[in-house]
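Asker: Annotations per Swiss-Prot:
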type: BINDING; residues: THR235, SER236, GLU237, GLU289, SER388; note: L-serine binding site
type: BINDING; residues: ARG266, SER267, GLU268, GLU353, ILE354, SER355, SER356; note: ATP binding site
Amino acid sequence: MLDIQLLRKDIDGVAKRLADRGYILDVAAFSALEAERRAIQTRTEELQAKRNSLSKQIGAMKGRGEDTSAVMAEVGGIGDEMKASAVQLEDIQKRLSDLLLGVPNLAHESVPVGNDEAGNVEVRRWGTPRQFDFEIKDHVDVGTPLGLDFETGAKLSGARFTLLRGQIARLHRALAQFMIDTHTQQHGYTEVYTPYIVNPEILFGTGQLPKFADDMFRVEKGGGENTVTQYLISTSEISLTNTVRDSIVDSNELPIKLTAHSPCFRSEAGSYGRDTRGMIRQHQFDKVEMVQIVSPDTSYDALEQMVAHAEVILQKLELPYRVITLCTGDMGFSAAKTYDLEVWVPAQNTYREISSCSNTEAFQARRMQARFRNAQGKPELVHTLNGSGLAVGRTLVAVLENFQNADGSVTVPAALRPYLGGVDRLEVKASA
């Protein structure tokens, strides 16, 4: 959530910066609510001053033995009016809050201005895409003989679900373990096992609600008036970041660096017809997430560090990739700045997103009321960052395609072999 003081001080400037993100702020609605709020607050202050004055007058009158009933009745009337004003003010504050809940974060000044992904800027590349001397297969054709089972996944759960069997399932698990081990042993993150089902207010904290309810899977328990609504997490960023919700941490605890391996559940409501083949876009997929909770003066250094941590995974796996800075029109709702890492997918002859690392500055912290004590001992909002380290399913796709062999086997990247008991190749089992 944006700091409302920014809008009060420079509504036109904020509106312009939001327009760069493709969001049109309802300036008239905000200004009207603000005018109403100021009028009520001014009237309340006037009533308070008058009541204080009359209360002093009553004391003096009693000292002189005078009748105070008329003045006391007037004070009572003022009290009633103040109560009514308080109700009005609470309603206006809620309407202002509801308006702000739908407003995205402001982009950092270093973010390129653009309307969509065409405005993104490439930062660097690593690795050289392999030149194949045989016809490239996509991960579906490579993986199906090795244990990818789309047919059974669809039978069990419908479209965009996949069943993994045998050596493919083991490779998938190895990838996640390798990522977690790297982040905890080399990058200083603490591993966390989080709930996969969270309460609605948790999603308000990280920005998925109220704006993106259609992207979430909702679950209900109980029935009738006792129904309780909760949501499946779309990323463990949600649960990891909210661990500091409604709390004040000591500055010496920062940075807090957390990582988790979890399934993620997304309805893909806006992706109809996109990536319908294979594992690129699924309703359920695994991801290793990185979250950092830091002081404001270190958050952009932390963002660069987080990107480097995700890059280490790709480099250890020997997967070519590129890093891009997302433009204003392509960033996520909560982000102030985002880098995407895109891995080379040979069958598509292009790079595809495999990690997204974002600094949300104080946007999520304000919604969560997550603070730390600064050098002066005063509570101040933390900055929160999140990044994929990496999306496990898409990494599996990249390994299958980049390490495929002409005979249908897949060479196991050296970094993963210790997790597979030394196995260096996945091979198609001969039919009986």
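The backbone N, Cα and C atoms fix where each Cβ goes, and this holds for glycine too.
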Asker: May I have the list of same-chain residues other than THR235, SER236, GLU237, GLU289, SER388 whose Cβ is within 8 Å of the Cβ centroid of the recorded L-serine site, in sequence order?
Answerer: ILE238, LEU240, ALA260, SER262, CYS264, LYS287, VAL288, MET290, VAL291, ASN386, GLY387
Asker: What same-chain residues, at least 6 away in sequence, bring their CB to under 8 Å of the CB of SER267 (ATP binding site)?
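Answerer: In sequence order, the residues whose Cβ lies under 8 Å from that of SER267 (ATP binding site) (at least 6 apart) are ASP214, ASP215, MET216, PHE217, HIS283.
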Asker: Across all chains shown, how many C-beta atoms besides its own are within 10 angstroms of the C-beta of GLU237 (L-serine binding site)?
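Answerer: I count 31 other Cβ atoms within 10 Å of it.
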Asker: Using Cα coordinates, what distance in whole Å links GLU237 (L-serine binding site) and SER356 (ATP binding site)?
Answerer: 12
Asker: For SER236 (L-serine binding site), identify the closest of the binding-site residues GLU353, ILE354, SER356, judging by Cα separation.
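Answerer: Smallest Cα separation from SER236 (L-serine binding site) among GLU353, ILE354, SER356: SER356.
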Asker: Pop the Cα-Cα gap between SER355 (ATP binding site) and GLU289 (L-serine binding site) into the table, whole Å please.
Answerer: 9
Asker: Sorry to bug you, but what's the C-alpha spacing from ARG266 (ATP binding site) to THR235 (L-serine binding site), rounded to the closest Å?
Answerer: 9
Asker: Would you mind pulling the longest C-alpha to C-alpha span across THR235, SER236, GLU237, GLU289, SER388, which the record has binding L-serine, in angstrom?
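Answerer: Result: 10 Å between the two most distant Cα atoms.
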